[in-house]
Amino acid sequence: MSTHTDEDKSRHDDEKVMDDVHDATAVEAEAEYSDEEYRKLLRKLDWYLMPIMAITYGVQYCDKQSISTSTLFGLVEDNGLHGQQTAWLSTVFYLAYLVFEFPMNYIMQKVNLGRFLAAIVFVWGAMVMLLAACHNFAGLMVLRTFIGALESCISPGFLLIVASWYKRQEHGTRSMIFLAQNGFFSIFIGLITYGIGSATENHNTIAAWRAINLFLGGMTVAWSIALFLFLGTPNEVRWLNAEEKKMATARIVSNQSRGSDKSEWDWDQVKEAFLDPQVWFYFFISFLANIPNGGYGVFGSLVTKSFGFTSLQVILLNMPGGAIGGSFNIISGYLSSKWRNTRTYFMAFSMIAGTAGLLVAALLPAEHEYRWKRWGGLLTMSIYSTATFMGWSMLPSNVAGNTKRSTASAMSFVAYAVANACGSQLYKAKDAPLYRPGLIGSAICFGLTFVAIFMLRFYYMWVNAKRDKLAKESGLSEEEMERQGKINGENGLTDLQNPHFSRAPKEANDRFLDLFEDYFAQDDEVLKEDERPELGFQV
């Protein structure tokens, strides 16, 4: 009995601490702690959160790609699929993703986020395991619908977690750490499926595609335990004490967006999100960049196989692309934290590579001697995900107000879902095995994304110039504007309502590097010289 009383008292004390820091006094709370205390806390946050989110995102990718891999090992034949039915297994996943995106974002504002995501991961893992029991198109469609609905909350949920723990200048690197796992885990799933495929070929036991889904689903179910124990926002986790939770909230006051208080839903902020041009830029970038993803995610292995490779060779050939894509995401995230306002440049470069690579794969002759050059085109294309992922990482940095940020995030992921659903339909059965029209259509989408990225950059440059002018005319000092911006943010104002968004000190380096403090030691004088207030949106 006393144990429950102590736990209730502790929980009440923690909630009171969080309530106390979520008002104007939070600005004063920020100054209560030393830089060394903040650095120590940040290292702790990174060691707990980054591995959990990175592995979860990688596991999600493996589960999502299980259909593509399964097509190499008899799923089509064993389930009697024909015509566009294989494409519809991808389309229905993203249609469910689309339908559930806004409801999931609303729910995540109201519940314990860590526990909710843990439950979601557990259930979708069970659904992936059930794929192994399917014998027809209808069964596959039902399960893919459920999996799409459940997975719709992972990416926006993780971005909410990043916003609740990290400063704006830390968002890019942290987000890219887990988003990049799509590439790295493609190597993992390649090794696993190669092993399972080889074993089933040699021993003629359970069908390889069934064994693959049993393994991946079981792995996901087991991993959900880690989320239950460690994932959450500052007021949810158990691995911080009350004082550390207060410090975690105080250190992100400079975000001016009240990162961890999710209890309120403001319909005025929903309206503002739908009227804000920047949100629509993110929407169209996410849409255009992911039409190719929807098609290639399902048919990429079949395209590579059409060059003249065996199923097992295709699995091995997919691995270098994953390594290149994952590495480029990590490197671009790190460099964009070192070189301020360069994220859109990395996004644009990934679209150039994507366009060129797809055109090489589509337009070179189909003769056997060109197969390595065409595969090289696909390898060049493998960094295309940077445009999507870096755009997602920019969103919590540039959109303030919890409801507005959640709405903007949902809109971006709705665009992602619609695009992927449409993309799988670019690859028609009549175009097999080369699928040239699908590859060319995807290249055109990448080219249009390139244009949209620079339109977003120019828009931010224009808005920032206007804000700089108003700041000079206000007559306030830099310190006064910075303080007022923080107070406005803690009072729940959005980026458009807050005239001082975001006048926060510029930090020379993302403190993620403090995990490797001895190697990446920085000179204090250099840091001080580069810590100048800056107004406006990050590009």
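Any Cβ shown, glycine's included, is placed from N, Cα and C.
For reference, TrEMBL has these:
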REGION    473-503  region 'Disordered'
TRANSMEM  116-140  transmembrane segment
TRANSMEM  146-166  transmembrane segment
TRANSMEM  178-196  transmembrane segment
TRANSMEM  208-231  transmembrane segment
TRANSMEM  279-299  transmembrane segment
TRANSMEM  311-332  transmembrane segment
TRANSMEM  344-363  transmembrane segment
TRANSMEM  375-395  transmembrane segment
TRANSMEM  407-427  transmembrane segment
TRANSMEM  439-460  transmembrane segment
Closest-packing stretch to the transmembrane segment (208-231), where packing means Cβ pairs under 8 Å, from 116-140, 146-166, 279-299, 344-363: 116-140
Criterion met for the transmembrane segment (407-427) and the transmembrane segment (279-299) (at least three Cβ pairs under 8 Å): yes
Selected stretch (most C-beta pairs under 8 A with the transmembrane segment (178-196)) from 146-166, 311-332, 344-363, 375-395: 311-332
